[in-house]
Amino acid sequence: MEDVPRFRSLHCTSVLSTWQTPQCASSPPSSSGDLMIRNIQLTHSGKYVCMVHTGVDSVSSAAELIVRGSPGPPGNVKVEEITDTTAQLSWKEGTDNHSPVTSYAIQARTPFSVGWQTVTTVPEVIDGKTHTATVVELNPWVEYEFRVVASNKIGGGEPSLPSEKVRTEEAVPEVPPSEVSGGGGSRSELVITWDPVPEELQNGEGFGYVVAFRPLGVTNWIQTVVTSPDTPRYVFRNESIMPFSPYEVKVGVYNNRGEGPFSPVTTVFSAEEEPTMAPSEVFAHSLSSSEIEVLWNTIPWKLSNGHLLGYEVRYWVSGEEQESSSKVRVAGNETSARLRGLKSNLAYYAAVRAYNSAGTGPFSATVNATTKKTPPSQPPGNVVWNATDTKVLLNWEQVKAMENESEVTGYKVFYRTSSQNSVQVLNTNKTSAELVLPFQEDYIIEVKATTDGGDGTSSEQIRIPRITNMDARGSTSAISNVHPVSSYIPMVLFFLVNALW
């Protein structure tokens with residue numbers, strides 16, 4: 001709203017002054033000749049009179065106060081004419097609040113919109129003297145409400161009350177389904193899918209879909225009708241459909257007014273059939289006392305009856321049923337699988353088959369492999385070490401395997417600094433080892449026997465302290481205390497260290 005005008009003639013300097021104001025404005029005590037109206041409203045408009053009284057006479061001065069604001073809501077909004085995409089509206093001018101209306105805007109609401117939306121009209125700009133306009137670009141067969149908003153140089157006013165609800169007329173549908181695709185299903189099926197057309201784009205009653213398809217390379221289309229507007233798929237079943245065969249597919253729309261456009265043509269494959277061929281050249285061998293690896297050759301793509309998802313390995317021990325046995329699946333074109341968590345020194349049988357979305361194929365010929373014996377339970381004993389400032393010499397007792405254990409093939413020496421978790425490994429087939437180490441801090445070392453069945457039990461861990469210009473030696477058979485030798489024995493310290501790991 002505009003500022004209150006300044007009236008110089010309304011400044012009263014008499015001893016006694018009073019104001020006569022409109023009913024909406026309060027008259028403060030007349031201690032001065034000024035009248036201040038705060039938080040001014042449109043209702044403050046009117047005639048203001050200042051009267052000055054003396055003992056012998058009185059005078060007065062009057063002024064008209066005009067408060068301007070944004071327009072009031074237009075009235076009597078009506079839809080005069082409706083078509084499938086247009087609506088002609090009329091309305092009556094509301095109060096201009098002392099500032100002429102400069103333009104009108106029309107808003108619409110449907111059951112599918114989020115609140116009121118400004119719509120396109122003819123004329124595009126509706127001036128303040130125009131009280132009718134045509135709304136364009138509406139959707140056919142949709143229920144609309146309309147309202148009008150007036151504006152002046154103060155700003156936009158309150159919207160009118162909504163018009164009565166009206167529905168646009170029907171029309172032939174113009175929007176085909178999106179995301180037309182398909183595939184999968186059971187044997188001898190062609191599955192076609194799409195995203196249904198929203199209700200506000202169906203353009204009339206009796207809406208449905210026309211599904212057309214043909215084998216790739218064939219001229220004539222096969223067509224069928226899907227009458228439900230919410231249906232997202234169609235399945236064509238015929239024994240003549242070859243597995244995983246390409247089809248050209250398109251989906252159109254129709255309603256009571258006629259047929260609309262088709263979607264772009266896309267290629268969809270018919271359902272796959274279970275693989276009919278088994279993997280060849282299947283072989284199994286033992287990796288350790290708990291692992292067996294199974295290997296095979298892949299099935300050629302042309303003989304797979306579809307897109308292979310992977311291979312399934314079934315494995316069991318003597319006396320178990322194959323179909324109730326354990327299984328491992330590998331995806332894609334993998335040609336091997338590892339069977340883990342097996343029992344030691346036991347014969348396992350295995351067979352391989354391919355699988356796709358339709359199911360699994362036949363098993364290969366059965367192969368077998370025997371897991372290796374368990375590693376020795378005895379750890380390397382009496383680990384003795386001798387260290388200088390550049391290397392460590394290690395010796396330990398030989399590990400002898402029991403009859404039910406794997407033969408020892410060598411040893412592994414694990415070593416790391418006390419401040420790191422990263423372990424380094426030295427392999428040897430002897431009962432001794434030499435480590436070249438920069439002795440800037442303590443080292444932790446352990447030894448394990450190695451066998452075909454895996455690594456054996458670890459020796460007790462030993463800690464070799466940092467060495468500074470002197471020799472040191474120790475053993476895992478010593479007690480845990482460290483005993484310094486008399487300083488009369490030059491340059492030699494015997495570190496008796498128990499396992500600290």
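The chain as shown is numbered from 1 upward.
Note: Cβ is positioned from N, Cα and C throughout, glycine not excepted.
Unlike curated records, TrEMBL annotations are generated automatically.
Taken from TrEMBL, the feature domain 'Fibronectin type-III' applies to 73-171, 176-273, 278-374, 375-471. The feature region 'Disordered' is assigned by TrEMBL to 157-187.
Applying DSSP to the domain 'Fibronectin type-III' (176-273) sorts its residues as follows: 3 helix, 49 strand, 46 coil. Looking only at the domain 'Fibronectin type-III' (176-273), the predicted model's pLDDT averages out at 96. Across the range of the domain 'Fibronectin type-III' (278-374), the DSSP-based residue counts are 3 helix, 48 strand, 46 coil.
When the domain 'Fibronectin type-III' (73-171) is classified with DSSP, helix, strand and coil residues number 0 helix, 43 strand, 56 coil.
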